[in-house]
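Annotation comment: Swiss-Prot describes 57-90 as repeat 'TPR 1', evidence class sequence analysis. Annotation source Swiss-Prot lists repeat 'TPR 2' at 151-184. According to Swiss-Prot, the feature repeat 'TPR 3' maps to 393-426, an assignment based on sequence analysis.
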Amino acid sequence: MFYSKSRPQHAARTNVAQAAANEKPKVPELEEFLTKRDYLGAIALLSFRRHANRNDLKNLEWLAYCYFHYGEHDKALVIYKELLQHEDPDPMFFVYSAACLYYMGMYKEAEEQALQGPKCALQTRILFHSAQRQGNDDKLMAYHGQLTDSIEDQLTLASIHYQRSHFQEATDIYKRLLLEHRDYLRSTVVYVALCYCKLDYYDVSLEILGVYLSAFPDSAIAVNLKACNHFRMYNGKAAEAELKTLAELSGGQHLDHDLIRHNLVVFRGGENALQVLPPLSDIPPEARLNLVIHHLRHHEVGEAFGLIKDMEPSTPPEFILKAVVHAMLGQVKGDPEHLKKAQQYYQLVGASASECDTIPGRQCMASCFFLLKQFEDVLVFLSSIKTYFLNDDDFNWNLGIAKAATGKYKEAEETLLQIANDKYRNEYTYTSWLARCYIMNGKARLAWERYLQLETNDESYQLLLLIANDCYKMGAFYFACKAFDVLERLDPAPEYLEGKKGAACGAFQMIVAGKEPKDLLRDVISLLRGNNSADQCEPIVAVMRKWAKNNGVKL
């Protein structure tokens with residue numbers, strides 16, 4: 001029997017056609033996008049469907065949901081408001097709108113919108129957060145009492161602890177939830193790492209992040225936190241390198257996120273701060289604080305005060321920054337009220353149970369005592385954290401002055417000389433304290449050389465006074481005589497002449513005792529005869545000349 005080949009050939013062609021049809025790319029379903037958390041893809045699909053059918057309310061709900069989770073809360077809010085305009089809307093849309101408003105930083109509006117919705121756990125959480133943001137502790141405690149042991153409520157409580165700088169309490173909640181729901185809440189590991197970062201345990205934070213990033217290397221939040229740890233431990237360049245890795249993994253899309261843009265400003269030492277930070281307002285909360293810091297670094301104290309004067313501080317960084325602004329304003333204006341407020345803010349942080357044993361807490365107590373001029377106490381706190389600031393010019397500036405103010409001149413000189421920043425080295429305060437240390441350490445010549453480097457102005461005049469009086473007190477009479485001589489030339493006041501005469505006699509006594517070279521006598525006599533007051537100095541000169549003649553000293 002012979003079989004026809006025509007049917008098998010036709011069947012083969014049919015199978016090929018079907019296979020080709022099956023291989024055509026399918027349009028992904030919404031569920032696929034949501035499973036992958038590809039909210040941008042979901043938004044594209046839902047927007048396309050919306051154009052096809054604008055009356056599909058379920059499609060609109062999903063579009064709002066995806067906008068919200070993609071971080072475009074303003075667009076989600078517009079859709080929820082549209083949904084509320086339809087007949088017999090779901091009252092939960094009020095609660096969802098409140099969530100959008102909260103993330104947009106509109107906390108009062110979020111509270112009002114949430115109260116229009118039905119009583120539910122989500123409403124309570126939004127009201128709880130809004131009360132915290134508005135600083136209403138009575139409402140905060142009331143809503144706290146309504147929280148349950150559910151995962152969502154406990155995560156909310158941990159978040160509030162974090163916002164109130166109760167990082168250990170937040171960590172305890174996160175760890176407990178991780179033990180109970182390890183597979184379900186893996187991302188909570190990042191929150192634990194965030195708390196350790198805030199507690200200054202940067203190495204612990206990095207260790208925790210390492211485990212998470214090995215599974216999710218493109219996590220924007222985790223990579224950003226790793227960058228922050230590197231910034232704290234190393235420098236801005238090391239931090240920025242981590243963000244470049246994130247950019248490569250994400251195709252650069254994450255770099256447009258407000259948080260990343262904010263952190264890049266910080267990592268780059270304030271570069272583009274005035275372009276990036278003002279539009280951010282308080283999202284993230286550090287944006288306003290970093291803008292204040294930017295103004296302070298550029299000596300724009302008025303602008304910094306304008307940003308912070310109406311802010312009610314609630315976290316240690318806010319209290320510290322407010323203290324710094326008041327301290328700088330008090331120094332610029334000579335206003336003791338601002339200095340008093342600064343001292344009080346520093347004390348609030350440094351004496352608090354949560355901060356007293358932290359590095360910032362001890363810095364605050366040192367600053368508090370600095371403003372009170374209790375320098376022995378300043379040294380107690382600065383010495384306890386010295387190992388963390390070995391090459392820090394700001395730290396050495398404060399430590400050096402505190403040591404000098406307590407009479408520890410040798411240590412003060414060593415500390416002040418470690419400062420490399422010209423901003424400090426060119427300040428009169430630095431020059432005057434270093435000059436005093438030189439004199440007290442028997443190096444009056446170095447103090448005089450510092451004076452010779454200055455231009456003639458009020459600061460050089462003040463330094464002359466310091467050199468004249470300190471050298472006289474320490475028995476460095478030759479340089480005291482030189483300083484009083486210049487002072488007399490600038491201002492022929494009788495006290496400068498008397499000072500010069502006394503210093504000249506002291507220098508002569510040192511020469512006679514063999515503690516100064518005899519050749520110095522020629523300079524001393526020249527100083528006494530140099531001004532219009534030479535006649536008043538002639539009796540002293542006569543005694544000196546007689547001694548020189550008797551002792552074979554050529555003048």
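Using N, Cα and C of the backbone, Cβ positions are placed for all residues, glycine too.
DSSP labels the residues of the repeat 'TPR 3' (393-426) in these numbers: 26 helix, 0 strand, 8 coil. For the repeat 'TPR 3' (393-426), the model's pLDDT averages out at 96. Remark: secondary structure over the repeat 'TPR 1' (57-90) totals 26 helix, 0 strand, 8 coil, with classes taken from DSSP.
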